[in-house]
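K.L.:
First the structure, which I've put down as structure tokens, then a few questions once you've had a look.
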Amino acid sequence: KEGYLVDLHTGCKYTCVGLGDNDYCVRECRLRYYDSAHGYCYAFGCWCTHLYEQAVVWPLPNKRCK
């Protein structure tokens with residue numbers, strides 16, 4: 001599974017600059033999911049890959065970014 005890293009409290013994507021490989025996104029994806037996850041900056045949001053199927057990604061059901 002893959003998808004945008006989401007803040008569970010606000011419902012917003014984690015934003016980033018520096019499109020493509022991005023140390024911030026790699027670190028945040030691994031902190032949220034696990035060490036084998038990877039992340040990069042895509043369309044100014046952290047996109048995480050190699051996630052487990054139950055991983056929660058953006059958009060959250062019934063919660064809009066404020």
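Cβ atoms here come from the backbone N, Cα and C positions, even for glycine.
Below, the features straight out of Swiss-Prot:
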type     : residues : note
DOMAIN   : 1-66     : domain 'LCN-type CS-alpha/beta'
DISULFID : C12-C65  : disulfide bond
DISULFID : C16-C41  : disulfide bond
DISULFID : C25-C46  : disulfide bond
DISULFID : C29-C48  : disulfide bond
K.L.:
Which of C25, C41, C46 has the fewest nearby Cβ atoms, counting only those within 10 Å, among these disulfide-bonded residues?
P.N.:
C41
K.L.:
About how far apart, in whole Å, are the alpha carbons (Cα) of C25 (disulfide bond) and C41 (disulfide bond)?
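P.N.:
On Cα coordinates alone, these residues lie 6 Å apart.
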K.L.:
On the 0 to 100 scale, where does the mean pLDDT of the domain 'LCN-type CS-alpha/beta' (1-66) fall?
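P.N.:
For the domain 'LCN-type CS-alpha/beta' (1-66), the model's average pLDDT rounds to 94.
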K.L.:
Can you tell me which disulfide-bonded residues out of C16, C41, C46 are within 10 A of C29 (disulfide bond) by Cα, answering none if there aren't any?
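P.N.:
Hits: C46.
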K.L.:
Round to a whole number and give the Cα-to-Cα distance in Å for the pair C48 (disulfide bond) and C16 (disulfide bond).
P.N.:
12
K.L.:
Do you know offhand how many angstrom separate C12 (disulfide bond) and C46 (disulfide bond) by C-alpha?
P.N.:
11
K.L.:
Between C41 (disulfide bond) and C65 (disulfide bond), what is the CA-CA distance rounded to a whole number of Å?
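P.N.:
With the alpha carbons as reference points, the distance is 19 Å.
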K.L.:
Just counting, how many other CB atoms are there within 10 A of the CB of C12 (disulfide bond)?
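P.N.:
Looking across every protein chain shown, the total is 19.
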K.L.:
At 10 angstroms around each C-beta, which of the disulfide-bonded residues C16, C29, C48, C65 has the fewest other C-beta atoms nearby?
P.N.:
C65
K.L.:
Return one of helix, strand or coil for C48 (disulfide bond), based on DSSP.
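P.N.:
In the DSSP reduction, C48 (disulfide bond) maps to strand.
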